[in-house]
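Asker: I have a structure here, written as structure tokens, and I will follow up with some questions on it.
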Amino acid sequence: MITLIKNIQELLQVRQTSISKVSGAEMAELPTIKNAFLVIKDDLIADFGSMENLPEIKADSIINASGRVVLPAWCDSHTHIVYAGNREQEFVDRINGFTYEEIANRGGGILNSAKKLNETSEEEIYEQSKIRLEEVMRLGTGAVEIKSGYGLTVEGELKMLRVIKKLAENYPISIKATFLGAHAFPTHYKENKAGYIDEIITKMLPEIAQNKLADYVDVFCESGYFSVEETEKIMQAGIDFGLKPKIHVNQFNSIGGIQSGVKFNALSVDHLEIMNPEDIEALKGTETMPVALPSCSYFLSIPYTPAREMIKAGLPLALATDFNPGSTPSGNMNFVVATACIKMKMTPEEAINAATINGAYAMGLSETHGSITKGKKANLIITKPISSYYQIPYAFGSNLIEDVLIDGQII
């Protein structure tokens with residue numbers, strides 16, 4: 001099956017040779033081709049270039065993209081799409097003055113989601129989650145990481161990971177699974193934190209590894225949740241079972257989680273709303289991708305990740321949604337890109353790089369996703385007719401997507 005997309009007004013994120021990520025000043029550079037064509041063979045990008053160099057092609061399908069921008073589908077490297085029910089009451093509680101921490105301390109927050117999840121059947125969780133997955137695909141996401149972390153019991157965590165596996169089997173979107181048993185301490189372990197960590201290490205991880213249910217291990221390293229020492233213990237156990245770490249750090253406090261992530265060669269460190277100079281310094285020259293979650297900052301009215309300082313320091317940065325029922329009930333990467341520009345003062349070029357190639361890196365997919373490169377997955381966004389790609393963050397409330405292709409097929 002050969003598909004030709006022709007007369008593309010502008011083809012974005014064109015990389016003749018594959019790159020893994022972009023950092024620092026390079027993030028401001030977004031290679032493009034104006035008046036372009038793109039050829040898809042089956043599920044892969046086969047060729048692209050300027051229309052004046054279009055070779056003779058016998059295409060099975062032709063898409064005329066006149067006036068439209070084509071770019072790689074978004075790569076959302078941090079989500080909690082699999083959950084039961086919602087936490088809309090907590091949304092109203094916050095409006096009425098309760099903080100995220102206060103809600104958590106009275107049984108809300110993550111523990112509320114855990115209660116709902118453990119009371120809901122695996123089939124029902126799948127049915128609820130697939131609706132959210134289909135929504136983010138329509139919004140232009142072509143690769144997504146999904147975490148567990150609302151089970152907080154052996155069976156609850158396994159149930160979540162089985163749902164993630166079933167979604168990956170039933171949908172063309174690329175899905176990476178992350179085990180986040182260390183999301184919070186269950187109520188019955190509040191006075192026995194070591195006991196819960198032991199359960200994660202001796203009961204959850206062996207089952208997960210044996211059944212190949214996860215690619216990564218995550219920990220919520222934060223005051224009132226998991227300490228640096230506890231985080232390191234769980235990361236090491238995950239590594240021993242073949243799971244690379246990617247961890248939650250610096251959402252509310254800087255307690256040394258970034259340094260621990262780097263020490264254990266974490267694929268990514270995510271949130272980063274609170275960053276001090278030592279945290280930025282610790283990330284320099286490492287293989288660990290910093291990931292910002294601006295929709296979470298928007299929804300909780302907390303600080304935004306200091307993108308300008310980080311990019312100025314030469315760091316790479318990825319953007320993701322943090323789609324979850326409590327702090328970011330949205331999987332819209334278009335809004336993430338716009339919010340990064342508006343609130344974090346990233347340029348459109350930086351934000352698109354962060355949401356494509358750097359997002360792919362943050363879930364181990366940069367060899368196959370995140371750029372227009374021959375041999376990569378044909379996961380694409382075709383916009384509606386727009387004046388330029390600046391419209392994507394500028395018209396932040398508009399749906400500018402005409403078509404989404406995953407594995408070369410319009411969804």
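Using N, Cα and C of the backbone, Cβ positions are placed for all residues, glycine too.
What Swiss-Prot lists as Zn(2+) binding site is HIS78, HIS80, HIS248, ASP322. Annotation source Swiss-Prot lists Fe(3+) binding site at HIS78, HIS80, HIS248, ASP322. Residues or ranges marked as 4-imidazolone-5-propanoate binding site by Swiss-Prot on the basis of sequence analysis: ARG87, TYR150, HIS183, GLN251, SER327. Residues or ranges marked as N-formimidoyl-L-glutamate binding site by Swiss-Prot: TYR150, ASN324, GLY326.
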Asker: Other than HIS78, HIS80, HIS248, ASP322 themselves, what residues in this chain have Cβ atoms within 8 Å of the centroid of the Fe(3+) site's Cβ atoms?
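Answerer: Nearby residues not in the site list: THR79, LYS147, ASP270, HIS271, LEU293, CYS296, ALA320, PHE323, ASN324, THR328.
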Asker: Tell me which of the binding-site residues HIS80, HIS248, ASP322, ASN324, GLY326 ends up closest to ARG87 (4-imidazolone-5-propanoate binding site) in space, Cα to Cα.
Answerer: GLY326
Asker: What three-state secondary structure does DSSP assign to ASN324 (N-formimidoyl-L-glutamate binding site)?
Answerer: strand
Asker: Within 10 Å of its Cβ, which one of these binding-site residues (HIS78, ARG87, HIS183) has the largest number of other Cβ atoms?
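Answerer: That would be HIS78, with the most Cβ atoms nearby.
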Asker: Rounded to the nearest Å, what's the C-alpha distance separating ASN324 (N-formimidoyl-L-glutamate binding site) and HIS80 (Zn(2+) binding site)? Just drop the number here, would you?
Answerer: 5
Asker: What count of other C-beta atoms do you get within 10 angstroms of the C-beta of GLY326 (N-formimidoyl-L-glutamate binding site), across all chains shown?
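Answerer: There are 25 such Cβ atoms around GLY326 (N-formimidoyl-L-glutamate binding site).
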Asker: Please report the Cα separation of HIS248 (Zn(2+) binding site) and SER327 (4-imidazolone-5-propanoate binding site) in Å, rounded to an integer.
Answerer: 14
Asker: Suppose we draw a 10 Å sphere around the Cβ of SER327 (4-imidazolone-5-propanoate binding site). How many other Cβ atoms does it contain, all chains included?
Answerer: 24
Asker: Relative to the Cα of TYR150 (4-imidazolone-5-propanoate binding site), which of the binding-site residues HIS78, HIS80, ASP322, GLY326 have a Cα no more than 10 Å away?
Answerer: HIS80
